[in-house]
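**Student:** This is the structure, below, for whatever I ask next.
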Amino acid sequence: MLSSFPVVLLETMSHYTDEPRFTIEQIDLLQRLRRTGMTKHEILHALETLDRLDQEHSDKFGRRSSYGGSSYGNSTNNVPASSSTATASTQTQHSGMSPSPSNSYDTSPLPCTTNQNGRENNDRLSTSNGKMSPSRYHANSMGQRSYSFEASEEDLDVDDKVEELMRRDSSVIKEEIKAFLANRRISQAVVAQVTGISQSRISHWLLQQGSDLSEQKKRAFYRWYQLEKTNPGATLSMRPAPIPIEDPEWRQTPPPVSATPGTFRLRRGSRFTWRKECLAVMESYFNENQYPDEAKREEIANACNAVIQKPGKKLSDLERVTSLKVYNWFANRRKEIKRRANIAAILESHGIDVQSPGGHSNSDDVDGNDYSEQDDSTSHSDHQDPISLAVEMAAVNHTILALARQGANEIKTEALDDD
């Protein structure tokens, strides 16, 4: 690829004592520039014109060094000036570029930016003595416009629609989204994979159950909805950016806000691994009641934290058991029992004898919770002693809490009797 460099590059850099080194991007841009049909003298003339414009506007816009730095400035001084005229064939090779009748330079800046409609202002030129001189639009932006600027108008339109959805009644939008998913046959697992929102949160939100989604997650969900409606299947190849946005109980620091429209910056939360001591406590409570209420879940969480709490050390947010984690564990436990019961029914229908579908589960819940499977072997070794101890401690903790509530009620009753 180096052998195909234009001769102008070798002449320009001949004063270097060492062989110049170029990046792949620079080589690609030089090749693109040469393929536009510009000659060596036209390229040098354009670069000299840009240098002169930078010098004239340095007081107003500051000195710029975006054309190769100081090394370029030294190299262009050693190159003779090009021809004073530009051929008509060269002028016609630049679409949208026509020479200005003015003999003076345009003193207004010519930035390489996009307007609100996503179109580049690449049709503005500064001329000298009726000759065309390329504007301050260099090859670097030519390589970028094909993939970074064309979607700006669509992004703005999607943002407007997302804001409109945020202002509408969420219950109506949920019905629309459910119908959309059913008609397109899009599973909630696919939506969860693209947006980074857990499947259970999506399911509960669409079914009007549980807490509402946060504003940022709701915007990400609505953005996916609008993009999928506009371009069916386009979002299926998207993946969330690697910036974690987790549930409020799991969050330790405020999440960063995405500044780039059209990107999803949501990801599933970290996985929580249940310790054996906590599993023993959970199993004991599960055997008593498979559907604990909020107060009971708080009690179970406190019992688990008391078991794993080490003296003089505070549990971190990742280690601490919360009522939400208890809720997910119980839901997964019931789901696993039901799944095993269904499997057992299928096997029995084929005349295969199976054991009770009970037992322990090691399946992951849809929110990313993970707990270890208990050892169902008949051997009872010393490593099970901590579990037995955990069960006893949980029972003691449960008794203490019950006595504390009973004692408080008795104190209130005695106070009323004294009055």
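Glycine residues also receive a Cβ, built from the backbone N, Cα and C atoms like all the rest.
Just lifted these from Swiss-Prot, have a look:
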DNA_BIND  267-341  DNA-binding region
COMPBIAS  94-132  compositional bias 'Polar residues'
CROSSLNK  LYS60  SUMO2 cross-link
CROSSLNK  LYS131  SUMO2 cross-link
CROSSLNK  LYS161  SUMO2 cross-link
CROSSLNK  LYS174  SUMO2 cross-link
CROSSLNK  LYS217  SUMO2 cross-link
CROSSLNK  LYS310  SUMO2 cross-link
CROSSLNK  LYS412  SUMO2 cross-link
CROSSLNK  LYS412  SUMO1 cross-link
DOMAIN    18-49  domain 'HNF-p1'
MOD_RES   SER148  phosphoserine
MOD_RES   SER170  phosphoserine
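A description of the local structural setting of each listed feature is requested, covering burial, neighbours and distances.
**Tutor:** On its own chain, LYS161 (SUMO2 cross-link) has TYR222, GLN226 as residues at least 6 apart in sequence with a Cβ closer than 8 Å to its own Cβ.
LYS174 (SUMO2 cross-link) carries a helical DSSP state (H, G or I). Around the Cβ of LYS174 (SUMO2 cross-link), the number of neighbouring Cβ atoms within 10 Å comes to 14.
Neighbours of LYS217 (SUMO2 cross-link), defined as other CB atoms within 10 A of its CB across all chains, total 20.
There are 8 other Cβ atoms within 10 Å of the Cβ belonging to LYS310 (SUMO2 cross-link).
The number of other Cβ atoms within 10 Å of the Cβ belonging to SER170 (phosphoserine), over all protein chains shown, comes to 14.
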**Student:** Between LYS217 (SUMO2 cross-link) and SER170 (phosphoserine), what is the CA-CA distance rounded to a whole number of Å?
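**Tutor:** SER170 (phosphoserine) has its Cα 14 Å from the Cα of LYS217 (SUMO2 cross-link).
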**Student:** How many Å lie between the Cα of SER170 (phosphoserine) and the Cα of LYS310 (SUMO2 cross-link)?
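**Tutor:** Here the two Cα atoms are 45 Å apart.
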**Student:** Cα-Cα separation of LYS310 (SUMO2 cross-link) and LYS174 (SUMO2 cross-link), in Å?
**Tutor:** 45
